[in-house]
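Accompanying notes for the structure given below.
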Amino acid sequence: MSQHLGDMGKTSCTIEIQAAFILSSFVTFFSGLLILFFSRLCWRALKKWANLFSHRRHLKRHHFHGVFRDRIEMLLSAQTFVGQVLVILVFVLSIGSLIIYFINSTDPVRSCSSYQDKTIPIDLTFNAFFSFYFGLRFLAADDKVKFWWQMNSIVDIFTIPPTFISYYLKSNWLGLRFLRALRLLELPQILQILRATRTSNSVKFSKLLAIVLSTWFTAAGFIHLVENSGDPWLKGRNSQNISYFESIYLVMATTSTVGFGDVVAKTALGRTFIMFFTLGILGVYDPPHVFLLPRFIVVCGNITVDSVAAFLRNFLRHKSGEINTEIVFLGEAPPSLELETIFKCYMAYTTFVSGSALKWEDLRRVAVESAEACLIIANPFCSDLHAEDTSNIMRVLSIKNYHPQTRVIIQILQSHNKVFLPKIPTWSWIGGDNIICFAELTLGFISQGCLVPGLCTFLTSLFVEQNRKISPKWPWQKYFFNGLKNKILTQRLSDDFAGMSFPEVSRLCFVKMHLLLIAIEQKPTVHGYCGLVLNPSAQVKLHKNTLGFFIAESAKEVRRAFFYCTSCHSDVHVPELIEECSCKHKSHRFTTGNCTSLFSSCCSLLWAQGSNEFDILALLHQSPKCSQANSLFSLFRTFPHEVQQDFSQLDSTGMFHWCKATALENVILKRSDKSKHEFQNHVVACIFGDAHSTLMGLRNFVMPLRASNYTRQELKDIVFIGSLDYLQREWRFLRNFPQIYILPGSALYSGDLHAVNIEECSMCAVLSSPSKSASSPTLADTDTIMATLAIGSLKIRCHTQTTSEGCNGYSEKSGYRRIPILTELKNPSNVHFIEQLGGMEGDLSGTSLHLSTSFATGTVFSGSFLDSLLATAFYNYHVLELLQMLVTGGISSQLEHHLDKDKFSGVPKSYSTILSGTTRCKLGLLSLNQTILSDIQPRKTFGQLFCGSLDSIGILCLGLYRMMDEEEQLISGFSYRFVIIRPANDFKLLPSDLVFCAIPFSTSCCKQNSSSSQLPCEIINLRQNQESYTLYPQTGK
C-alpha cells in the first residue's frame, strides 16, 4: 500500500502530522484572540500615557491610520470598480481552491500529497492571496475582536495556516479545507455585481442555492473527514472508507429525512453531527412568520420604483456600513420587474410582504407592534391628491387602532389634510409621530427661491444625496459638485463650549475643525430662548449637551465638535487630529430634555404677560419633542437696536404679516389698467388650474413671502396669473395676507405677462399644474415648460450702466437679459427641456436634475427628492425641523387651524415684549462690494470673510453665488450664476461674488457711505435692471 501511495506522489499521514495541521488553525485562532484582548488593554493604557506626554504625535499617527483604513474600507466595500474586481477575484479563487479540494478528496484521507502534486503550488498561491485579503480586512475592521469571530475570518484562519505548515512539512493534507465551501454564501452578491440577477425570484433562488450548496458541501466535508479518520479516542479503529461524493449523498438523504440506510455514519463524531445537523435543518423553516432582524421598520403606501429607490438610498446612507435594521415593505400589489431589481440590490436589508396596512391580519404578519416605526409613502403623481391623503390617513388609523404605541411617519400631499392626523386620539408628537407635507415644503422651497435667487438650489442640495461620479466639463462645475457633498448634520456639542456665545463657538468650529455651525437647539431660559435658533446673537450662551446643526460632508467630521477638549486640542491646528481624548471623563447626556418643563418655561412667560389660553396654544408646534419645534421655531432674540415692527399688523402667532380680509374684486387686475399698477421688484406666480382642479395650497407659497422676519417695507407684491375660477377657490386662504393681486389670464400669452410688468419683476415662479392624468410622465410638465418657453423668449434690454456682473441671464453681445424665472417640474427627467430653453444644453446631458446646469443656477426645482425625507425624519427629526424652519417660515398645524377657522387677529400689546421672535434671522444674498460686507478686511478668502463678518456684524456666511466661466457664457450666449455650498476655508473670492448669509433682523446691510442708507434696503434679490444689483432702495408698487 505504501509503495502504491509513493508511486502516486502520496505518503501516509501519521496522527502527529494530522494534529500539526489541525492545531495550527486552533493555535492561530486562540492565540490571535488573546493577543487582540491584550493589545486592546495596552492600547487603552497607551492612549492615557500619550495624552499626558505626547498627544500630538499620537494623534498624527492615529490620523494616518484612519485615512489608510478609510481607503481600505472603500476598496473592500465593492463600491468602486477596483473593489468589485477584488471581491469577484476572491470569490473565484475560493471556488478554485474548493475545486482543488474536490480533486484531492478522491485520495484516502489518511494520505498526504507531496509537492509532486501540481495542484499543491496552485492552492498555495491562492492561499497567499487569501492571506493578503485577510490582512486588508483586518486593517479595515473597527473592532478587531469582533472581526476575529466573523464567519469569513474563521474560514481563513482554519484554511490558510495549514498551507504554510504544508510548505514546512513538504506535504499537504485535506484537513479542514472543506470550510472554503462557506464562501459560496457570497454568490448572490457576486451575481448582483455582475448584474446576472434581475428579478426577485432570481435573487431568492441565488440566495437559496448559495445556502444549500454551502451547507451541503461543508457538512459533507466534515462527515468525510471524521468517517475516514475515525474517533480520535479509538485511534481510528471505527473508521470507514467513504468518498466525498458518498458524504454529499449522506447529507442530502439526511436533509430530506429519507435515510435509505445504504450509507450511514459509523463514528460517534459523525453520528453526533448528524443529529444536530438534522435538528438545525428542521428548525430553519417556519411558514407562519416573517423572519426579521432584531430591529426593523415597516414601509407601506405608495410602493413604486422611484419612491423605494429614493427611500433606500437615503435610509442606508445614514448608517453606512452598520445597517442592522431590516426594511419590510408592505405592498398591496405584486412588485414590478423594476421594483424586484431594486429589492435584489438591497436584499440584505429588505423584505417584501404582500398585504395591506388596512388589514389587521397583515399588520400581524409583519409584526408591526414590534417595529421601530411605520413609514407611509404617498404618491405625488396621483390624479386625486385628496383621495391619496385620505387613504394614507386611513392607514394611520388602522395602525394606531391595532397598536397605539407604534410610531408613524407619514407623507401628506395637501397641507389642509394635516389637521386630521393630530385629531387621532393615539397620535403622539412626543412618541415620534411626524408629518411630511409635500405641498408645504415644495411651495416653501419655491418661495425661498423667489426671496433669494439660488436659495432654492442651496437648500435642496443639502438634502439630496449624490453618489454618482461626474467628470466636470467646465471649472465652475467642479466647485458646484464639491458643494453637493455637504449635508445638514447634527451633533451634540462638547461641554467645553458651555458658557460661550454662539459666534465664539461657530468661529472656533470653523477655524479649528473646518465645520460650519449654523444653528443650535437652545434650551429655555429666563429670557425666553427655546427651540431651534439660526445664527443666534452673542447674548445667547450655550449650555451643556447643546445640539448643533452643521453644514458638513460627513458625520465623522462633525464628531470633532463633540470630541473637542480645551486641554488637549487648544494647540491642535489640523482638524483631523481632533479626536476623542481620555484626559478627563465627560458626562454627555443624549436626552433632549423634559418636554413638560419646556412647555412650562415657554408658556409661563405668556401667562405672565396676560396672554389667554388661545394665544398660548398658538405657540405650540407639530414636533416629536414638543416645544423644541412647537414654539413655532421660536427664534426668540434680543438685540440692542431692533428694527421696529408694528405688531398690530401681524397674525396671532406673530410669525406672519396680516391684514383684514380683502374682497376678491379689490385685488383683480385688468390689462387696461397697467398704468395704475406699475409693479417693480415684485413676484409673479404663474398658475395652471381650472374650476375643477385640485387645490395646490397657494397659502404655502405666500406664507414664507409674508414671514414677519421681513419688515413691512421689505415685502414684495405678489401677482398671480391664472384662471379666475381656480384662484377664487384659493382666495379664501389668501385674503388675510397683504399685497396680493390676481390677473385673470394665462402665462402662455405675452400680453398677460406684460400686463403685470414682468420686465421689472424680481422673480417669476412657474408652478406645476394641479394633478391631472397624462398619457406620459413627460407630458406632466407640458404647461410649465410651455410657460417657461413663453417667458424665456421675452428679452429685456438692460440699462447702459448695467454690466454682465449685475445681471443673471445677461447677454453682453446683444445687451439683453432674460427674465429671472424659477420653474417647478413634476418629472425631474424633463429638465433637459429647460436646459434647451436656457441655452445650456450639452453641459451635463443625460444627468439627473440635481446635476444639471439649470439646477446649479437656481432656475429649476423638483420636489421628487422629498421622498427621502422619510428616512431623515426616522433617524433625526431635528434635521426635518430645521428644514421646515428654513423653508416654511415657521408654519405649524396650530397656525393652519387658525387660518382654516379665519381666526386672524392683531397681536395684543402684551406680545410686544415676547414676540421679539419676529426679529429672527433671515437668509439673504449680499454683494462683496455694494453692501456692509465691503467693510470686512481682509476678505480674499471665504474663511477671512466668514470670520470677519461674524465677529464684526454677526452675519453668518453660508455659501456663494458666482458667475460662470467666460467660456460657458460664450456657448450659452448669456451669463449665469451658480451656487457654491460651504466653500473651503481657503477658497479664493472674486469681486463679483454674492454671498448667501444668515442676517440678523436688526442688521442694516446698507454700505455705511451709501447715499441711500437712510432708505429701507432690499438685501435678498438680484436687481437685474438697476446699477446696484444686490442692494437697492425698496421702491414697492
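Every residue gets a Cβ built from N, Cα and C, even glycine.
Under the heading transmembrane segment, TrEMBL lists 20-39 (among others). Listed as Cβ neighbours of the transmembrane segment (20-39) (distance under 8 Å, sequence separation of 6 or more from its ends, same chain) are residues 144-145, 148, 154, 157-159, 161-162, 164-166, 169, 173, 175-176.
Summarising the annotation, TrEMBL assigns transmembrane segment to 81-103 (among others).
According to TrEMBL, the transmembrane segment annotation covers 124-141 (among others).
Long-range Cβ contacts of the transmembrane segment (208-226) within its own chain (Cβ-Cβ under 8 Å, at least 6 residues beyond either end) map to 98, 101, 105, 109, 174-179, 181-188, 242-244, 247-248, 250-252, 255, 265, 267, 269-270, 273-274, 277. Summarising the annotation, TrEMBL assigns transmembrane segment to 208-226 (among others).
TrEMBL lists 242-261 (among others) with the feature transmembrane segment.
Marked as transmembrane segment by TrEMBL: 268-285 (among others).
Taken from TrEMBL, the feature domain 'RCK N-terminal' applies to 294-436 (among others).
Annotated domain 'RCK N-terminal' per TrEMBL: 680-844 (among others), in sequence order.
Within the chain carrying the transmembrane segment (81-103), a Cβ under 8 angstroms from the stretch's Cβ atoms is held by residues 74-75, 119, 122-123, 126-127, 129-130, 133, 159, 174, 177-178, 180-181, 183-184, 186-187, 189-190, 193-194, 217, 221, 244, all 6 or more beyond its ends. Taking H, G and I as helix, E and B as strand and the rest as coil, DSSP gives the domain 'RCK N-terminal' (294-436) the counts 56 helix, 31 strand, 56 coil.
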